[in-house]
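These notes are about the structure you will find just below.
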Amino acid sequence: MTRDIDWTLLHATAVEAMGKAYAPYSDFPVGVAALVDDGRIISGCNVENASYGVGLCAECSLVSALIMSGGGKLVAFACVDGKGDRLMPCGRCRQLLYEHSAEGMLLDTVSGIKTIDEVLPDAFGPRQLEEYAAPPAP
Ligand code: THU
């Protein structure tokens with residue numbers, strides 16, 4: 001990927017989003033931000049619920065923002081906790097991100113910049129469904 005990624009801006013945008021988190025039950029606010037392949041920057045925060053299990057991770061909010069603002073593919077992603085420290089997306093959220101990832105999408109992780117394939121190896125995704133539905137080769 002040749003595009004220059006402004007990780008400082010992505011991190012700052014994630015911190016700003018974290019400030020909007022609704023996390024009264026866990027007291028663990030999370031903020032995320034991503035660069036989309038058309039250049040725009042989107043963000044999200046976690047939104048919890050009195051029915052604990054239906055709380056939304058920050059990545060859910062980000063994916064909704066992606067679709068509602070015109071769609072596209074995620075090129076780079078940052079996630080922070082309430083202290084502004086890097087946070088790994090949970091397993092479910094890695095799957096959410098994978099669905100909308102550009103080829104080679106990068107994540108600013110606790111162990112450096114990694115690709116989506118590194119944080120979700122051998123992922124299940126749209127391709128598996130397409131291959132299953134495709135007629136067998138003659
Ligand atoms: N959380 C996220 O928003 N994203 C993650 O990737 C990890 C966990 C939220 C869910 C819950 O509101 C809080 O962090 C504590 O688990």
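In case you wondered, yes, glycine gets a Cβ from its N, Cα and C as well.
Annotation source TrEMBL lists domain 'CMP/dCMP-type deaminase' at 5-127.
Note on Tyr52 (substrate binding site): other Cβ atoms within 10 Å of its Cβ, all shown chains, come to 9. Feature annotation from TrEMBL assigns substrate binding site to Asn46, Val47, Glu48, Asn49, Ala50, Ser51, Tyr52.
The Zn(2+) binding site annotation in TrEMBL covers Cys57, Cys90, Cys93. Cβ neighbours of Cys90 (Zn(2+) binding site) (same chain, under 8 Å, six or more residues apart in sequence): Cys57.
For Glu59, the entry in TrEMBL reads active site, proton donor. When Cβ atoms from all protein chains are considered, those within 10 Å of Glu59 (active site, proton donor) total 24, not counting its own.
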Determine the binding-site residues, out of Val47, Asn49, Ala50, Ser51, Tyr52, lying near ligand 1 in the sense that the CB is under 6 Å from one of its atoms, and give them in sequence order.
none
Starting from each candidate's C-beta and looking 10 angstroms out, tell me which of the binding-site residues Asn46, Asn49, Ser51 has the most other C-beta atoms.
Asn46
